[in-house]
Amino acid sequence: MAASSACLVGNGLSVNTTTKQRLSKHFSGRQTSFSSVIRTSKVNVVKASLDGKKKQEGRRDFLKILLGNAGVGLVASGKANADEQGVSSSRMSYSRFLEYLDKDRVNKVDLYENGTIAIVEAVSPELGNRVERVRVQLPGLSQELLQKLRAKNIDFAAHNAQEDQGSVLFNLIGNLAFPALLIGGLFLLSRRSGGGMGGPGGPGNPLQFGQSKAKFQMEPNTGVTFDDVAGVDEAKQDFMEVVEFLKKPERFTAVGAKIPKGVLLIGPPGTGKTLLAKAIAGEAGVPFFSISGSEFVEMFVGVGASRVRDLFKKAKENAPCIVFVDEIDAVGRQRGTGIGGGNDEREQTLNQLLTEMDGFEGNTGVIVVAATNRADILDSALLRPGRFDRQVSVDVPDVKGRTDILKVHAGNKKFDNDVSLEIIAMRTPGFSGADLANLLNEAAILAGRRARTSISSKEIDDSIDRIVAGMEGTVMTDGKSKSLVAYHEVGHAVCGTLTPGHDAVQKVTLIPRGQARGLTWFIPSDDPTLISKQQLFARIVGGLGGRAAEEIIFGDSEVTTGAVGDLQQITGLARQMVTTFGMSDIGPWSLMDSSAQSDVIMRMMARNSMSEKLAEDIDSAVKKLSDSAYEIALSHIKNNREAMDKLVEVLLEKETIGGDEFRAILSEFTEIPPENRVPSSTTTTPASAPTPAAV
């Protein structure tokens, strides 16, 4: 026999042995053997202790092997038993039995039920002369049949049914043993795996479906404090009061103040809502529960409401504490939209959440902190005082906030002397805290890839381009396509610069990024939340500049699909001017509910609530805005053909033109509107908000 070796690791020891073992067991007259060869050698200490998780995995592996061996044994036993008994469930007619008897194919006959049933052991030619056991229904035990059996010298015997009850019971137990063992083993596996496939309360343990999945930290060690949170000073101030109340409640109760029951964080993604919650846990030093809103909802009815009850029960037992619910819009969506019916699982869960929050007694010390970026779809009952007493807006930071955030994330990075965090903050309007962290991380990755010891301005520039527009592609070779893209991008820049109120050009490039073969970058205004009608209309003109350049330079038949992204943007902007901002001939009306802006179903319902005449007026107003902007773009291209040709010539040569160089060349041929003139020092490097040409 070939030798094999096995290495056993357990209780911190690595053991090798040299002994042979052989195990054997008889199953119904058949012998099944299991052999293993183990070599013995030296004992070496590998580890002082074994991790609990490895122990548990070892038990599960052992249980799986045990179940597998038991299954093999039972199958082997059943097969051997079946080979002995044959196919006793097969039936044979009485006439065929007599035919077999005449041809000497019957070996044995067992009679049951007073001779009315016979189990016959016969040789079947259809099965290659195999011996099979068949059941024959006899008309009665006749003397002629007995005499025939004696004459053929066939072994036959009569049996009482009571005598066979033991074997029937044994066969029944044998048939049920394997399923019972399998089910029991699976149950033990699910128990030992801590709740089965779904974890505690998951599908593996049905008894824990209604238990909360919230992560509980008695002494939270998130590693985050308010010093790590920058750019959201107003939100920090509100939460500092909450932390003070949890630490020193007597200071507030002495003057009759009550603890706020809930704080709702509202803001776009990446602005630091979850980071603020971690900072609260780190500062307060009280028990901290964290859970996602989606974990309340399951496929089974009532599970979500049960988990809400279980969560708040644990919170009250550990008060004072903080309960953080991330993405609460998953469970707090507005009710009564007609979607899912009155018994929708989300509505039941929301009803239970409202009840639990409103059922708190005064000053219990339990504060619910929730975060969402879809406050417009939350149920109004969830937002009233007494539930979420405070609503804190966490918006994208301003220049000062961006500078503070960059200082936090730049603490562990090395920069060249020419890198200024203040300049980076000025160049990144609209960036959230997560975007700024990603920006510096991308710059550090690029510096490492280029074998640099510190981050330079070049890495910062490339990182901004990469985050906003995507990965850099291969530059196009000279040809008609490259010339067309150059005219397209210069058309954007010229129409934008010559239209009063438009953002300043940052750079024009033919270097492809993402899906765009060329890009025109503009500097957004300092306050992106306040935009005038003139600025919006100028952006529509600038967006149509690429399409206008293609039509004027190459002819109407040569217009390409490169303006598809531009058309989508300017159509959406024009529709917003008409339906949301009231900047059209229809009048200062808000024709679209704010909650319908980000919800497809609500948008459809709002559209259906309009009259046909009003819908036609909206479409006409949108078309009028787009048509008038396109006429202006066409006139800019026609009146500045020489400037266009010169700019395209320089762009094809350099592949990238900076904003200052672009305006210097353009001003040689035409006058730039005073409001669009920009000091040269403000546009030395690219910023955000590109206008792509997806040719």
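Residue 1 is the first one shown; counting continues down the chain.
Using N, Cα and C of the backbone, Cβ positions are placed for all residues, glycine too.
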Practice problem: Have a look through ASP398, ASP404, ASP416, ASP566 and flag the one Swiss-Prot assigns to the Zn(2+) site that HIS488, HIS492 belong to. | Solution: ASP566
Quiz item: Out of 190-212, 328-350, 673-695, which range is noted as region 'Disordered' by Swiss-Prot?
Solution: 673-695
Exercise. Count the other Cβ atoms sitting within 10 Å of the Cβ of PRO268 (ATP binding site), across every protein chain shown.
Key: 14
Quiz item: Far apart in sequence but close in space: which same-chain residues, 6 or more away, have a Cβ under 8 Å from GLY270 (ATP binding site)?
Solution: SER432, GLY433, ALA434, ASP435
Exercise. List nothing but the one residue from THR271, THR274 whose Cβ has the fewest other Cβ atoms within 10 Å; the candidates are the binding-site residues.
Key: THR274
Quiz item: GLY267, PRO269: which of these binding-site residues has the sparsest Cβ neighbourhood within 10 Å?
Solution: PRO269
Self-check item: All-chain count of other Cβ atoms within 10 Å of LYS273 (ATP binding site)
Solution: 26
Quiz prompt | Alpha-carbon spacing, THR274 (ATP binding site) to GLU489 (active site), which is rounded to whole Å | solution = 40
